[in-house]
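S.K.: Pasting a structure here, questions to come.
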Amino acid sequence: MANYSTNEFKGGLKVMLDGDPCSIIENELVKPGKGQAFNRVKLRNLMTGRVGERTFKSGDSLEGADVMELEMEYLYNDSEMWYFMKTDGSFEQYAVEKKALGDTEKWLKEQAPYTVTLWNDNAIQVSPPNFIELEVVETDPGLKGDTAQGGSKPATLSSGAVVRVPLFINEGEVLKIDTRSGEYVSRA
Amino acid sequence: MKENWRPTADIETLRERARLLASVRRFFSAREVLEVETPVLGQGGSTDVHLVSLSTMARTDRGQRRLWLQTSPEFHMKRLLAAGSGPIFQLAKSFRDGEVGARHNIEFTMLEWYRPGCSLAEMIDETATLVATILPRFHGPVVHYRYRALFHTHLALDPFTTSLETLRRLAAEHGQMSAHTLADEGRDTCLDLLMSMVIEPHLGRNELSVVVDYPASQAALARRHQDADGEWVASRFELYLDGIELANGYDELTDAAEQRARFVEDNAERRHLGLGEVDMDERLLSALEHGMPESAGVALGIDRLIQLALGKARLEDVLTFSTPNC
């Protein structure tokens, strides 16, 4: 991979730091009146998800990280690995470990599109689509006539996630959920 | 249609900018400081190890030659002083390669002025008066700090006597750097890092902070003198507002031999670091040999002052077109 100097650090650039691939979030030049300039860089470690700051001397460089984000659809799991397939027509499949799956496990639905982050062709992160439609598999019976008023109750969805839904929702209904906030949006 | 043709400042901001620049000119005109325009290109450039000069090739009367874009208008203005110009000021386009950020742009405007026969203290007063003129909302006091005292207050260390090993360790800690990154670095790099990361954010809060008595090794083009503690320090000041470095002033070096020695030293350091050498400004040296009156000078990043005056988040918000958008 190419090396990138501090001048080229910008949001979204993927670099190697301490052996882990990282994504640059922010890069700010700091310079005392006269003298050495530094770059204060905020990065996200793509293996741990943690965000941290590091300082570099201006002109220092880091090795680029071979990181790609690809759209893939979820296929199935054998409870050890979770399998995803590229949507570019190649039918190429990737096995993902539970660790890389993280919180996305509770938003899995077969054939839905996910963003899979690959580092050296290994899946290290899976992000769900912002909105996903899932079926209610368990909730208290819906309250008739209560279609507008407030109040909510927990509902378990087919993916295993539990979300707060309005009182009028029944088992078997398909709901649109915002995966970023984990909140009910509407009936699908 | 692409949108990248648009200015980075809005038109209303440009009107405000023009108004502020007019008040800078009125300020100096009322004080009988002559406005001058000097060339952006020079046959010599800034040898400062921490500045990256841009250069270009030009067809001159002596054939194809490399000419340097100025990092500040200092050299030409000093040649005017040596020619007997008296007090002068300039709003000058200046260039520093690689400097891009919320407070930096490769091409920027420097307000620089020089006064023969003036002391550094008088220049500090005049700079504070100018800032108060441009920023009427600013009524804070002007507070002086010695470089050494700032390190005592914020880091409990003495910048002159603390061991290099300790400076490296502290700099790595405060910069969240791996220790080996600083293994080859000298005192000044460590002090620069601690100054930028730890001390600067505290400066210029509801006051105009003036920092004086920098280590002699950080003198650049200023004279050196012994301070009250007998330590050799640079005769220069830096002025901060809202954690931002706005201006620096020098009791200007007028000794041609000393100036030549510093240029040579800079270029030796440049070779050592694998940076390209920069042609020394021989004509500045000739002017100093001829004799430049004892003078003090100030360089002020006028774009930053306008940015503060208008409460803008980024420098590019007050520039018609920032370098990435030119």
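Positions of Cβ are set from backbone N, Cα and C atoms, glycine also.
Keep in mind that TrEMBL annotations are predicted by a computer and have not been checked by a curator.
Residues annotated as domain 'Translation elongation factor P/YeiP central' in TrEMBL: A:69-124. TrEMBL lists A:132-187 with the feature domain 'Elongation factor P C-terminal'. Per TrEMBL, the feature N6-(3,6-diaminohexanoyl)-5-hydroxylysine maps to A:LYS34.
Are these features on the surface or tucked inside, and what are their neighbours?
M.R.: Assigned with DSSP, the residues of the domain 'Translation elongation factor P/YeiP central' (A:69-124) fall into helix, strand and coil as follows: 10 helix, 30 strand, 16 coil.
Around A:LYS34 (N6-(3,6-diaminohexanoyl)-5-hydroxylysine), taking its Cβ as the centre, 21 other Cβ atoms fall within 10 Å, counting all chains. Classification of A:LYS34 (N6-(3,6-diaminohexanoyl)-5-hydroxylysine) by DSSP places it in coil, neither helical nor stranded.
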S.K.: Using DSSP, how many residues of the domain 'Elongation factor P C-terminal' (A:132-187) fall into helix, strand and coil, respectively?
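M.R.: When I sort the residues of the domain 'Elongation factor P C-terminal' (A:132-187) into the three classes, I find 0 helix, 29 strand, 27 coil.
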